[in-house]
């Protein structure tokens, strides 16, 4: 594979995470405007975003098989057509049913693209380089989470309709579409070259279950928290711009944290530092919820930084529970994390309707505490120390 081809594929991976990050994170910023557009209460409007998350979950789950049937390049190009149709549906329809359908399609497209992006990184890079590349790729999710809420606040403050935010997100996919030209993708399925050594099946162990629960609770807690921060902040009397700045601050420090931890993690035992980070994240989230307005930006900045490496560390630890990294095991943990994404508004919507945004934030805090317990319990059963090689550190 040529170096320019590898660079193109790596950028497709980066942008695939940015696309999903933009779609998932911008929800909290535009939810109120979309609720006004359809003349619905915010809590019931949030349920329609479950279609976006369901699309992401279904596509990540199915793409494990779909990648072996439909070439990756074809999937990405077809995804661009679907993206254009979905954004057009948002722009030209006043039907809630069509809005939900468009959200589902956006979820499908971003889920397929993100699973292709993850696969490309694991194919292109080995050992320690793979781990740092995955962290760097994941940082594009956060980068989009920093940029697009600012774009949304800029557009909404100028009374520009909310659907133009999704048109801007569509530009990320346009870049992916352009990159597919003159680019060779790895072959899969029948066309792939199989290694001569047979793969020995290994038992996963209970540690994988702890990690799967941690992945689900972490993503559900994180998105449940960040999706309702704008509404919570507005309820405290903050302006839309200030509320948007809190979300952007979180993802900015999350992004810097990922870059920092891609160097820091190699000097520590992964399970131990993961437990410390999960505990700190739970404490910092509690301080944000109970703190004063003046301290909120500082707490959310430190929360973003210290929680940035948690999810990627969970996935990395999962891959180290077997001697030979199992794609199905990693996919299982990823799927559990994506279930957390799908459940975000299913869980938090009724809580907000009944008790307000602060109750949703406290629920998210409780989920972070569960992540800490799971990571602590993992220390007694994890196999990563016996399976990790010098190349992994």
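A Cβ is built for glycine as well, from the same backbone N, Cα and C atoms used for every other residue.
As recorded in Swiss-Prot:
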type	residues	note
TOPO_DOM	1-10	topological domain 'Cytoplasmic'
TRANSMEM	11-31	transmembrane segment
TOPO_DOM	32-50	topological domain 'Periplasmic'
TRANSMEM	51-71	transmembrane segment
TOPO_DOM	72-77	topological domain 'Cytoplasmic'
TRANSMEM	78-98	transmembrane segment
TRANSMEM	101-121	transmembrane segment
TOPO_DOM	122-133	topological domain 'Cytoplasmic'
TRANSMEM	134-154	transmembrane segment
TOPO_DOM	155-161	topological domain 'Periplasmic'
TRANSMEM	162-182	transmembrane segment
TOPO_DOM	183-205	topological domain 'Cytoplasmic'
TRANSMEM	206-226	transmembrane segment
TOPO_DOM	227-244	topological domain 'Periplasmic'
TRANSMEM	245-265	transmembrane segment
TOPO_DOM	266-272	topological domain 'Cytoplasmic'
TRANSMEM	273-293	transmembrane segment
TOPO_DOM	294-297	topological domain 'Periplasmic'
TRANSMEM	298-318	transmembrane segment
TOPO_DOM	319-331	topological domain 'Cytoplasmic'
TRANSMEM	332-352	transmembrane segment
TOPO_DOM	353-360	topological domain 'Periplasmic'
TRANSMEM	361-381	transmembrane segment
TOPO_DOM	382-393	topological domain 'Cytoplasmic'
Segment proximity, the transmembrane segment (361-381) to the transmembrane segment (273-293), 3 or more C-beta pairs under 8 Å: yes
Proximity of the transmembrane segment (134-154) to the transmembrane segment (361-381), 3+ C-beta pairs under 8 angstroms: no
Interface-richest range of 298-318, 332-352, 361-381 toward the transmembrane segment (206-226), CB pairs under 8 Å: 361-381
The transmembrane segment (298-318) touching the transmembrane segment (51-71) per 3+ Cβ pairs under 8 Å rule: no
Close approaches to the transmembrane segment (11-31) from elsewhere in its chain (Cβ under 8 angstroms; 6 or more beyond its ends): 42, 45-46, 49, 52-53, 56, 76, 106-107, 109-111, 113-114, 116-118, 120-121, 136-138, 140-145, 147-149, 152-153, 156, 162, 165, 169, 172-173, 175-176, 179-180, 183, 223, 226-231, 244, 247, 251, 341
Per-residue pLDDT averaged over the topological domain 'Cytoplasmic' (72-77), given as an integer: 92
Contact ranking winner - 162-182, 245-265, 332-352 against the transmembrane segment (298-318), Cβ under 8 Å: 245-265
DSSP helix/strand/coil residue counts for the topological domain 'Periplasmic' (353-360): 7 helix, 0 strand, 1 coil
DSSP residue counts for the topological domain 'Periplasmic' (294-297), split into helix, strand and coil: 2 helix, 0 strand, 2 coil
Tertiary contacts of the topological domain 'Cytoplasmic' (72-77), as residues 6+ beyond its ends and Cβ separation under 8 Å: 12, 63, 66, 112-113, 116, 119-120, 176-177, 180, 183, 185-186, 188
